[in-house]
Amino acid sequence: MTNTLLILPGDGIGPEVMAEVRKIIDWFGAKRGITFEVSEDLVGGAAYDKHGTPLTDATMAKAQEVDAVLLGAVGGPKYDKLDFSVKPERGLLRLRKEMDLYANLRPAQCFDALADFSSLKRDVVAGLDIMIVRELTSGVYFGEPRGIIKEGNERVGINTQRYTESEIARVARSAFELAKRRGNKVCSMEKANVMESGVLWRDVVQEIHDAEYPEVELSHMYADAGAMQLTRAPKQFDVIVTDNLFGDLLSDLAAMLTGSLGMLPSASLGAPMANGRPKALYEPVHGSAPDIAGQGKANPIACILSFAMALRYSFDQGDEAARLEAAVEKVLADGLRTADLMGPEGGKPVSTQGMGDAIVAALDAGL
Ligand code: NAD
């Protein structure tokens, strides 16, 4: 099967970090025989500058056809005053919406060499490897009615938490499938004690488990207790599945257990396509970092690890993803540090390009 990839570098540091991913993609082609049909296009401010829109219909159509989209970052001060409808972020939102990417995968993985970066004690986070699956296309961010209305003399802000059974079932299946490839454990988080949508969430996750994944260990936890447990003893978890709002908070909380924004990848997956691969968008969690753009300071690892996720979840190359993650781990263990990773204990400073080259060298050394 051919592997097709659409690369959308975007704005700010996006093109810089993506250039390093390109080196990795070329390495897998040359040294492992895993080749990709790569096309590249514009998104965000870069697309607005050329076409007057943050995502053209042609780029959207291409995104629907490929096996995976790899995105850098969008946005920047130059575009802050644009009308909401053409802001760079609208390009990203359109991709997520039209590809119907309902499962957002946010790993929180603590590389041993960076354990001292966490605000928690080393032994609490060293070796941490958990995955938060956040429902991304429904819930309180989308529910109707919504708005600010007038009631008597005052304004009332309204949002609606709404989940259908099928929306819960499909994201639950994503979590169980993931758990089967990892530690075989899922913890589902909601607020069934105070929200009806939480009661339904808990019921449906349990039903899907009992009918389709009885071999996976399932537990339920209230989301507030989950936040406490994530900071107290995060290594107790394997896969956490939760709704859009709680997932937004819990995935950011979990991410910070591991240190720098420059290290955090993500994947957003949708329904399987005709070839069996899921609709998929991979992107670093960080933004376009205009404060350091164009200076060779950006850490490319978040984007490189996003490509590792693509290898694992779109191209069924779990072993090769692990090979790439091991190369990243080795470079960090050797003390190489972009500026964002430079802690009190120091390290060998490298540029964006230097980090990419070192990871390629570590891949070579690992053959
Ligand atoms: P940001 O993530 O761009 O930057 C926050 C801080 O982290 C900055 O100091 C930045 O220098 C640093 N940082 C981020 N990524 C880094 C990396 N790879 N290496 C080293 N340091 C890194 O968030 P922000 O400053 O709030 O937003 C900047 C722009 O990015 C805004 O226009 C915002 O809308 C946009 N944004 C886009 C996305 C996205 O594309 N998914 C996400 C968040 C923000």
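Easy rule for this one: first residue shown is 1, then count along the chain.
Glycine too: its Cβ is placed from the backbone N, Cα and C atoms.
For the substrate site, TrEMBL gives Arg96, Arg134, Asp224; the one candidate out of Arg90, Arg106, Arg232 that the record lists there too is Arg106. A mean pLDDT of 96 is what the model gives for the domain 'Isopropylmalate dehydrogenase-like' (4-359).
Within 10 Å of the Cβ of Lys297 (NAD(+) binding site) there are 18 other Cβ atoms, across all protein chains.
Compute the center of the Cβ atoms of Asp224, Asp248, Asp252, which mark the site for Mg(2+); besides them, the chain residues with Cβ within 8 Å of that center are Ala223, Ala227, Leu245, Phe246, Gly247, Leu249, Leu250, Ser251, Leu253. Within 10 Å of the C-beta atom of Arg96 (substrate binding site) sit 17 other C-beta atoms, taking all shown protein chains into account.
The CA atom of Asp248 (Mg(2+) binding site) is located 7 Å away from the CA atom of Arg134 (substrate binding site).
The local packing around Asp80 (NAD(+) binding site), expressed as other Cβ atoms within 10 Å of its Cβ over all shown chains, amounts to 9.
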